[in-house]
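Pulled from TrEMBL:
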TRANSMEM  65-86  transmembrane segment
TRANSMEM  93-111  transmembrane segment
ACT_SITE  D123  active site
TRANSMEM  131-156  transmembrane segment
ACT_SITE  D141  active site
Amino acid sequence: MSSWRTKFTPAFFAVLVPVYVSDLFSKLWILKRFTTEGESEQILGNFLHFTLTYNRGGVFGLAQGYAWVFQILTGFAILFLLYYYYRSPENSKVFSLAIAAILGGALGNFTDRFYGSIPGVVDFIDLRFGSFRWFVFNIADAFICVGASLLAISFYQFEKAEKASAAAAAEGENKV
């Protein structure tokens, strides 16, 4: 098991803090720009709009009206990620970057869930592809997705390294 200082390095916080802060400031900016839920502005052709929405449920707006459940689940997820990261034997840069990105995003959405004057998680990035419209999301959501993708890559790399190490150890035993 690694020590606290070897896991939670300045590089880890150099990812986590900007993700969290950029998410919070982008949401404050959009709340100053738009006053009514559903307000929208075309930013880049018909591809990118900023549309103010409040997610009162979970991922992709599922389970609307159960915000308290997601407050609890998000809190547990943050605590689990911190514990898992600290206890994990994995020490790659990709793994650290992934966890920092996920935590930064989770903390951003967690903050929204507990901020009294906001009725839900603030979402505003609205991507459209012709008649197809993706779920409206925020910077925190984007970094959670990027972090999850990096986490999958790090798991693959870790497993590959473990297999190579085991094969090398087995080959070394066969030579003795």
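Keep in mind that glycine also has a Cβ here, set from the backbone N, Cα and C atoms.
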Check D141 (active site) against DSSP and tell me helix, strand or coil, would you?
helix
Sequence gap of 6 or more, C-beta under 8 Å: which same-chain residues meet both conditions with respect to D141 (active site)?
G105, N109, D123
Residues of the parent chain within Cβ reach of the transmembrane segment (131-156), under 8 Å, 6 or more residues beyond its termini:
19-20, 22-23, 26-27, 51, 53, 60-61, 90, 92, 94-95, 97-109, 121-125
Close approaches to the transmembrane segment (65-86) from elsewhere in its chain (Cβ under 8 angstroms; 6 or more beyond its ends):
1-2, 4, 7-8, 56-58, 96, 99, 102-103, 106-107, 109-110, 113-114, 120
Helix, strand or coil for D123 (active site)? Use DSSP.
strand
Taking 10 A as the limit, how many CB atoms besides its own sit near the CB of D123 (active site)?
23
